[in-house]
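Input: a single structure, listed below in structure tokens.
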């Protein structure tokens, strides 16, 4: 016995499945909100412009971006909770319709972060467009390394190697525009390298002292309950 299929029934079933999928996607978008009884794990305050990581944790957009700015140079930021590498930040859905200047600026920074870690040819193209940002981050990381008092020995050897390389270039090109007196070009560059390391070391010690002083001042501030 042959069973005849009713095309109207099959089409209605498909329409019902499509509607259920659309309702499910709407509910998922509406549920993409941080827990109401939770706080940002970085600043321990209420969520300000919240965004969700690919590992499922919520942070303030400004907090997680600041953590990325100061923790790594070109690598992806690590989640402070589970140490998973963050390859995508998803802002709260309701933020996309806002027009406030600070919200729009942070959403641009979130998109810029996401673009840096897209794989494939399109990701390479986006990295080329982000070269100014990457250059600034590399220079900032270099300055942080030079001003780190714990890296003084490494900086000392690297700067002396750089001085040797510069003196070799100077002698190979037969330049004569630097007055060396009786020191010689190599000795002059070497003294400049040692002086540079010493200056950065002192600046790093002062910077660390200022940071520790601010931490001590914040630690003694009274906590005012809401």
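Cβ coordinates come from backbone N, Cα and C, glycine included.
As written in TrEMBL, here are the features:
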REGION    1-35  region 'Disordered'
COMPBIAS  14-35  compositional bias 'Basic and acidic residues'
DOMAIN    40-82  domain 'RING-type'
TRANSMEM  116-134  transmembrane segment
TRANSMEM  154-173  transmembrane segment
TRANSMEM  185-206  transmembrane segment
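Remote same-chain partners of the transmembrane segment (154-173), defined as residues 6 or more beyond its termini with a Cβ less than 8 Å from a stretch Cβ, comprise 145-146, 148, 185-186, 189-190, 192-194, 196-197, 200-201. Long-range contacts of the domain 'RING-type' (40-82) within its own chain (CB-CB distance under 8 A, at least 6 residues past either end) are made by residues 32-34, 88-92, 95, 102-103, 106-107, 109-110, 113, 117, 134, 137-138, 140-141. If you take every residue in the domain 'RING-type' (40-82) and average the pLDDT, you get 82.
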